[in-house]
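What Swiss-Prot annotates here:
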BINDING   25, 27, 221, 301  Zn(2+) binding site
ACT_SITE  224  active site, proton donor
SITE      244  site 'Important for catalytic activity'
BINDING   302  substrate binding site
């Protein structure tokens, strides 16, 4: 369906493209396409793995081909962390963010909340301000030139010690970038990602409980490779949003809680397929979530690595589930309602969704 092969698919493609979207689960470092990795490596004199040690890095083409064959989450992460080493300057981070925002805007994204991973960059010697200010530059440009609204979510990495996350959290607070009482609150939430199975489920509990007291928005990756208990642990330490969450259906009682508390799941179907969490997009519990009243949005996760930006993810879901226009309206509206934006912006986006649906209701 991306691209469409029949007139009927063309109509659906036009609708899904036009439908105003909110993206809540995309890692900016996961938007490093192979051409950008190689060009930034040359510019910044960064040595990528030699072709003899890792043939994937022989060329842009070989790296692109390797991206289609990840065996697991950790296999993907090994490439993900190598890729981000090419980022060195504030302008690099701004360029990366802008590259994503342009693509997202072209595919109908009106609001996006993006993850970034400062810990790894800081561990290799980059200054905190270089990272944050670069991404903020990209966000401001997107808002000014594209008219989309943006939010930055600072992600803690589960494979690193709690102390590393605590230092980052303290730095963000001291710099005034985080929290309602921050001098310049450019970071709008906290997240937790990287390897799921292995680290303690509640690794960041001390940080999250403190952040909750400051009314800082909290989310966490859970229920991707780990079972539903990882989702419960994230909720119990203060998360009000769950990233992935596809294992939720294994626990009916927990699913009732998630629906009742209007927790938003940021589902990434193509990512789940690429990382072997499911055998097909049809195994992602989209229909089950709709029937149970569980709110979710559909997202691209790390689109440069998984070969699918948000429109392709929407198309993949439509191909797998044959949803109705009413289903898509609900998904889009729940994405707005679960966003970390003010009521005025939410109402504006809900109006845009309504106008889009009106144009297509009699066609599909």
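Placement of Cβ uses the backbone N, Cα and C atoms for every residue, glycine included.
Of the listed recorded positions, namely 224, 301, 302, the sparsest Cβ surroundings within 10 Å are found at 224.
In the shown protein chains, 31 other C-beta atoms lie within 10 A of the C-beta of residue 25 (Zn(2+) binding site). The number of other CB atoms found within 10 A of the CB of residue 221 (Zn(2+) binding site), across every protein chain shown, is 28. Ranked by Cβ neighbours within 10 A across all protein chains shown, the recorded positions 27, 244 are led by 244. Annotation: 25, 221, 224 are the recorded positions among 25, 27, 221, 224 whose CA atoms are within 10 angstroms of the CA of residue 244 (site 'Important for catalytic activity').
DSSP gives residue 27 (Zn(2+) binding site) a strand state.
DSSP assigns residue 244 (site 'Important for catalytic activity') to a strand segment in the three-state reduction.
Of all the recorded positions in the record (25, 27, 221, 224), the one with the smallest CA separation from residue 302 (substrate binding site) is 27.
According to its DSSP assignment, residue 221 (Zn(2+) binding site) is in a strand. Residue 301 (Zn(2+) binding site) sits 12 Å from residue 224 (active site, proton donor), taking the CA atoms of both as reference points.
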